[in-house]
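**Student:** Swiss-Prot feature annotations, pasted as is:
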BINDING   Lys9, Thr168, Asp169, Thr210, Gly211, Gly212, Met213, Met214, Thr215, Lys216  ATP binding site
BINDING   Ser49, Asp136, Asn148  substrate binding site
DOMAIN    275-353  domain 'PUA'
Amino acid sequence: MNKKTIVVKFGTSTLTQGSPKLNSPHMMEIVRQIAQLHNDGFRIVIVTSGAIAAGRHYLNHPQLPPTIASKQLLAAVGQSQLIQAWEKLFAIYDIHIGQLLLTRADIEDRERFLNARDTLHALLDNHIIPVINENDAVATAEIKVGDNDNLSALVAILVQAEQLYLLTDQQGLFDSDPRKNPEAKLIPVVEQITDHIRSIAGGSGTNLGTGGMMTKIIAADVATRSGIETIIAPGNRPNVIADLAYEQNIGTKFIAHQSDRLESRKQWLFAAPSAGIITIDNGAQNAILEQNKSLLPAGIINVEGRFSRGEVVKIRTQSGKDIALGMPRYNSDALQLIKGRKSADIENVLGYEYGAVAMHRDDMIILS
């Protein structure tokens, strides 16, 4: 049975449990749940905060000015401590992890997007759990409130996840600030993220991390618009991850816009002018339009323009009609060499391969 793909984002407050350092017993409990789901067949991706807190603790809480450079220093020192903590705990269950350090630019740049996506899918296909963090040590503008909330939404789109869990120190989204109003009520389900929902999100957060409730609402908006159900839930609740995966009602659930699932992803992917043209034969045209298939090198007749792997190009028929936009797996130089050839010849011709297809069907949008 194919189980769903879930992205789980852990805020600093969840990993530290209010202390100035990573809370190992709590992380052990988190890993136990993820190991259970992993062994049950779920595909789990972790987006982890905590590098800055880990770095501050490792350096014995140095007095540093509140600057970008100070945060980068702490992140550079703390990232190795953070990944070691995850690695040691997963090793108890004989589960391997793979670290990816990303910035938003890595996902917005199409060639790097493809590389990141291929790496993530390779890890998941080989039963390795990806552990992702913002590359705070080299990022500049990216170090701001909500980095990993927003990053987790983009990662969820990247891996085509069914669900995104944003685990935090709050029970979910309330109709007012529960720390100020004891009568505040938890909102169990949000059908649509409206201005009213944004207005009640407030500005919660701790000085250990960089996140708050408003950034989670923004992340939920991005994810649900791409067809990904998003849940804000308490990271300290016993068995919260496993219970969410098995569909218990916890926290605040943001309903996915299922009708827009594929289209919104493609709008996100293809918001760029075309960099070239790939002309295809009648067989490839039929495969794409009638059979919903990917484009193989054998079906390519001509390649126009100079473009990189992952840039948007037009797919044109022999009669001159543009039938699709898409992101090729290979750059223009490589496609010139493999056009008209069988997929089995790719590695022999190029000396490498990014798979058997020139352009995957998931990376195309058909033009009406």
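Cβ atoms are placed via backbone N, Cα and C, with glycine included.
Quantities reported herein were computed from a predicted structural model and do not represent experimental measurements.
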**Student:** Check the DSSP secondary structure of Lys9 (ATP binding site), expressed as helix, strand or coil.
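**Tutor:** DSSP assigns Lys9 (ATP binding site) to strand.
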**Student:** Between the Cα atoms of Thr215 (ATP binding site) and Ser49 (substrate binding site), what distance do you get, rounded to the nearest Å?
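**Tutor:** So the Cα of Ser49 (substrate binding site) lies 14 Å away from that of Thr215 (ATP binding site).
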**Student:** Of all the binding-site residues given, namely Lys9, Asp169, Met213, which is spatially nearest to Asn148 (substrate binding site) at the Cα level?
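**Tutor:** Its closest listed neighbour, by Cα, is Lys9.
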**Student:** So of Ser49, Asn148, Thr215, which of the binding-site residues has the fewest other Cβ atoms within 10 Å around its own Cβ?
**Tutor:** Thr215
**Student:** What Cα-Cα separation, expressed in whole Å, is found between Asp136 (substrate binding site) and Met213 (ATP binding site)?
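**Tutor:** Counting only the Cα atoms, the answer is 21 Å.
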**Student:** Let me make sure I understand the span of the substrate site: among Ser49, Asp136, Asn148, what is the greatest distance between any two Cα atoms, in Å?
**Tutor:** 10
**Student:** Just to verify a number: CA distance, Ser49 (substrate binding site) to Met213 (ATP binding site), in angstrom, no decimals.
**Tutor:** 15
**Student:** Going by a 10 angstroms cut-off between Cβ atoms, which of the binding-site residues Lys9, Asp136, Asp169, Met213 has the sparsest surroundings?
**Tutor:** Asp169
